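As given in TrEMBL:
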type: TRANSMEM; residues: 27-53; note: transmembrane segment
type: DOMAIN; residues: 42-310; note: domain 'G-protein coupled receptors family 1 profile'
type: TRANSMEM; residues: 60-84; note: transmembrane segment
type: TRANSMEM; residues: 104-123; note: transmembrane segment
type: TRANSMEM; residues: 144-166; note: transmembrane segment
type: TRANSMEM; residues: 215-236; note: transmembrane segment
type: TRANSMEM; residues: 248-272; note: transmembrane segment
Amino acid sequence: MSNNGSMSTLCLQNEHEILDDTITHKLYLGLTPFIICIGLLGNILTVCVFILTDLKKQSVSIITIALAIADSFVLLIPVSILWLEKVLRRELTDLSPFWCRTHGVFDLAFTCCSSWLMVCIAFERFCAVWLPHNNKIIFTHRRTLILVLSIVFISTILSTWFIFAVKMTQFPLMPLENSMDSIFFLLANYTEIPFSKCSVYDENLYDSMGMASIIINYILPFIFVLLLNSTVIYRLCQRGMVELTSSITVMLTLVCLVHLFCTLPFQCWWIYYEIPDQTGNCLWLKKKLTWRTITFTIRNINYMANFFLYSCSSKFFRDELKGLIFLCLLPHEKYQSYHYRRQSLYDNMQQRVSLTQLVMRRLSRATEVTNAGIMITQSTAIVANSPIRNV
């Protein structure tokens, strides 16, 4: 979400001029393309693994797929556009009224979806650890899908306030690269060259709604994820799990913890940004913009890191990923066993065996063993020397 409305009023320099010679700005310009490309590739692989392998049997896979899609949209639209603005040294929101009104909606909606989907993952793992017998009843595939769609819809509705908080404003002076150049140009020419700029209706209302969005998108999910994961970790410590590398619970808990650490600095920066300053000093503004660049980059890493967290913390995920890659790149007969196993293993949804069927199968196997002559009774011992024995 753009935050340039009130910060540029206290200093004649614009944001690009202030951050041009800073190391953090240069690192941001260099790291962001790698974050976007690697994050998109990792999220695509995550979706493929959770859709095409045995992990799709888990109801939480629906949430992880939706989380990967939401993270991809965060990287693809708001993060990419903001990076492009820094490279081109101009505000793309001034090009059209549509983008002026909607650029903040995309960022708010997708980040809200990502944060509350993370809450759903934490709650699902809470139920899996504390209520293992009821977890499959609470989180069925149908209920999980409805929950995900509800989060997407509510997040979109809560983000539409941004459309009504901004507007395109007409100014009589063509903006130049330097703010002082614009003043000298106006004094020398006395001509009005109109141009449009994206601005807000009311800065106080904009800041208030922005703070409310920060609370909904970051602070509340942060509290819920922290509390739920604390109880999950406590329960795991009580159980004394040994095979931590193959546990889905440990994998998803690690994802939630990384989300907490990556989004916390950006929340702190927004609160720091709301502190008013009346000095009009560009150094104060430079400090705020520098910390925004740092915390914003850390926040973007969260939308890239989930695939690597899945791969590092879960042997099951790594095995499914390797098998899927082998099937795609090396379609040889020795890799077809993975395809057969993937179609038949843990097929609890399509093949449900009742207790009666299990008993009948056990009895039938016992009868076959008896008829085969393995179980020797007294009658078989009596006729052991009969002519039939030779046959």
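Keep in mind that glycine also has a Cβ here, set from the backbone N, Cα and C atoms.
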*asked:* Need a quick answer: max count of Cβ pairs under 8 Å to the transmembrane segment (248-272), which of 27-53, 60-84, 104-123, 215-236 is it?
replied: 215-236
*Short question: which residues 6 or more past the ends of the transmembrane segment (60-84) have a Cβ under 8 Å from it?*
1, 28-29, 32-33, 35-36, 39-40, 43-44, 46-47, 50-51, 92, 103, 106-107, 110-111, 113-114, 117-118, 120-121, 124-125, 139, 141, 144-145, 147-148, 151-152, 248, 252, 296, 300, 302-304, 306-307
_Which sequence-distant residues neighbour the transmembrane segment (215-236)? Criterion: at least 6 residues beyond either end, Cβ under 8 Å._
108, 111-112, 115-116, 118-119, 122-123, 125-126, 129-130, 158, 249-250, 253, 256-257, 259-260, 263-264, 266-267
*What average pLDDT is reported by the model for the domain 'G-protein coupled receptors family 1 profile' (42-310)?*
83
